[in-house]
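According to Swiss-Prot, the protein carries these features:
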type    : residues    : note
BINDING : ASP8, ASP95 : Mg(2+) binding site
DOMAIN  : 5-120       : domain 'PINc'
Amino acid sequence: MALKYLLDTSVIKRLSRPAVRRAVEPLAEAGAVARTQITDLEVGYSARNETEWQRLMVALSAFDLIESTASHHRRALGIQRLLAARSQRGRKIPDLLIAAAGEEHGLVVLHYDADFDLIAAVTGQPCQWIVPAGTID
């Protein structure tokens, strides 16, 4: 299967939850999911030491990597402007970059973060909750 989905950090950080794992595993096994470089940075930020950081990076390598580009940054700025026009400022910069990468590559952003509903409302891009909102936190 070709790439179809882009994982947000909100999904990756919840892979220990059975419902999230059940949703992601078949997609990962089919080679249908990717992650972005900003996601690697977000996940690596939580590492308490080098050993844990290395373990996290190895785990992330199970997903294809979408490299950050200048066009992602330009689009993230554009999305930020569209949100500001609606007085919906304050969306996290990593979310804007992930959304921009997903949009450019024609991928559905899989998330567990309401910010993506706001982003999708201005971009029209496909975003999907990995499990229904409010069911695991």
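Cβ atoms are placed via backbone N, Cα and C, with glycine included.
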For ASP95 (Mg(2+) binding site), name the DSSP secondary structure in the helix/strand/coil scheme.
helix
List the helix, strand and coil residue totals of the domain 'PINc' (5-120) as derived from DSSP.
71 helix, 14 strand, 31 coil
Rank the binding-site residues ASP8, ASP95 by how many other Cβ atoms lie within 10 Å of each Cβ and give me the one with the fewest.
ASP95
Across the domain 'PINc' (5-120), the model's average pLDDT, rounded to a whole number, is 96
